[in-house]
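Just below is one structure, and these are the notes that go with it.
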Amino acid sequence: MLYEKPDLLKLPRTDVMIATPWQAPIVWDGTYNLDILNELFHLRGARIGLSVFVIRKYKVFINDFLQSAEEFFMAGHKVHYYVFTDDVSGIPNITLKEGRNMEVVKISGYKRWQDITMRRMQLIRDYISQKLINEVDYLVCLDADLKFMDHIGVEILGDVFGVIHPGFFGESRTAFTHERRNYSAGYIPEDEGDFYYTGCFFGGTVEEVYKLTNFCHNAMMEDKAKNIEALWHDESYLNKYFLYHKPTKLLSPEYAWNDYYGSPVVVKRKRLVHVPKDYNAVRD
Ligand SMILES: CC(=O)N[C@H]1[C@@H](OP(=O)(O)OP(=O)(O)OC[C@H]2O[C@@H](n3ccc(=O)[nH]c3=O)[C@H](O)[C@@H]2O)O[C@H](CO)[C@H](O)[C@@H]1O
Ligand SMILES: [Mn+2]
């Protein structure tokens with residue numbers, strides 16, 4: 001395989017941090033060679049799962065989500081979609097490319113939207129031990145109200161990864177919307193916290209995603225027993241997990257963009273974007 005020799009004396013990017021203080025890479029455009037990575041993951045025959053939840057009115061998002069994933073997500077690799085839904089007939093039967101398949105998993109859903117979003121942790125955890133552990137090597141967990149606009153491939157994969165929220169990447173700790181009540185299991189003290197991670201995109205090896213979802217679900221149950229819920233629900237507990245179990249890879253906000261935040265110069269590609277939604281129309 002031919003490619004340009006890496007140059008140890010040349011920085012791939014000079015405008016952004018490309019590794020955390022704990023030496024985890026932060027993936028930005030221009031920091032990786034996709035040909036090398038594709039070759040490595042093909043040699044391993046990596047099987048990649050993608051989980052997405054489509055409950056109640058979130059059906060409106062799933063066609064664009066899947067069609068755009070077929071175009072941009074893990075092109076050329078083995079992909080297994082797991083679509084969790086309360087309405088199997090509402091999931092479009094789209095034509096998938098070679099090496100890709102889809103499983104629709106019927107679940108009952110919850111009344112409150114907060115429970116729908118939070119219970120994903122429990123459902124993912126349980127489906128990993130029931131089935132996924134034998135079917136995929138990596139699992140990528142995503143919101144449904146997203147559309148792929150550009151390449152997302154094996155450069156994202158690692159033991160456990162999170163995505164820096166597009167609204168907070170230049171912010172100070174005090175601006176992070178972490179859970180600050182010390183009696184919540186999602187609590188992060190004001191002088192701790194590295195980045196603010198989005199709840200809409202995380203993943204890793206199936207074993208690591210099991211640990212992450214198990215932690216988050218247990219933390220939620222601990223709070224539920226006290227009749228509290230962290231400020232940003234699953235996102236708050238995910239941030240807590242990443243504080244003490246640091247991600248081994250981080251994805252830049254290119255991987256979870258929202259046009260609400262405009263077009264900062266450091267963001268060269270908007271790979272996955274949140275579809276604008278009318279909260280009152282799609283929730284409850
Ligand atoms: C960009 C980002 O940081 N997203 C997070 C954020 O808000 P969002 O406002 O993006 O959350 P959201 O409304 O997209 O809900 C999260 C996900 O739950 C599913 N769903 C939700 C409601 C429903 O009626 N039906 C349904 O299927 C669906 O897959 C959806 O994408 O905060 C949420 C918790 O408050 C989650 O942590 C989201 O991941
Ligand atoms: Mn969302």
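Placement of Cβ uses the backbone N, Cα and C atoms for every residue, glycine included.
Caution: TrEMBL annotation is automatic and unverified by curators.
Note that this is a predicted model, so its numbers are computed, not measured.
As annotated by TrEMBL, UDP-N-acetyl-alpha-D-galactosamine binding site applies to PHE53, VAL54, ILE55, TYR58, ASP143, ALA144, ASP145. Residues or ranges marked as Mn(2+) binding site by TrEMBL: ASP143, ASP145. Among the features that TrEMBL reports, active site, nucleophile is placed at GLU235.
Mapped onto this structure are the features recorded in TrEMBL.
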residue	record	contacts (Cβ under 8 Å, 6+ apart)
PHE53	UDP-N-acetyl-alpha-D-galactosamine binding site	VAL83, PHE84, THR85, ILE107, ILE116, ARG120, LEU123, ALA144
VAL54	UDP-N-acetyl-alpha-D-galactosamine binding site	PHE61, ILE62, VAL83, PHE84, THR85, ASP87, GLY90, ILE91, ALA144
ILE55	UDP-N-acetyl-alpha-D-galactosamine binding site	PHE84, THR85, ASP86, ILE107, GLY109, TYR110, ILE116
TYR58	UDP-N-acetyl-alpha-D-galactosamine binding site	ALA144, ASP145, VAL282
ASP143	UDP-N-acetyl-alpha-D-galactosamine binding site	VAL52, GLY199, CYS200, PHE201, HIS274
GLU235	active site, nucleophile	TYR197, THR198, GLY199
Inset, instruction - Around the Cβ of ALA144 (UDP-N-acetyl-alpha-D-galactosamine binding site), how many other Cβ atoms lie within 10 Å? Please give the count over every shown protein chain. - result: 22
Inset, instruction - Identify all same-chain residues not among PHE53, VAL54, ILE55, TYR58, ASP143, ALA144, ASP145 whose C-beta atom falls within 8 angstroms of the centroid of the UDP-N-acetyl-alpha-D-galactosamine site's C-beta atoms; report them in sequence order. - result: VAL52, PHE61, ILE62
Legend entry - In three-state DSSP terms, the structure that VAL54 (UDP-N-acetyl-alpha-D-galactosamine binding site) belongs to: strand
Inset, instruction - List the binding-site residues VAL54, ILE55, TYR58, ASP143, ASP145 whose Cβ sits under 6 Å from any atom of ligand 2, in sequence order. - result: ASP143, ASP145
Legend entry - Number of other Cβ atoms within 10 Å of the Cβ of ASP145 (UDP-N-acetyl-alpha-D-galactosamine binding site) across all protein chains: 20
Legend entry - the residue listed as 'active site, nucleophile': secondary structure state under DSSP, collapsed to three categories: helix
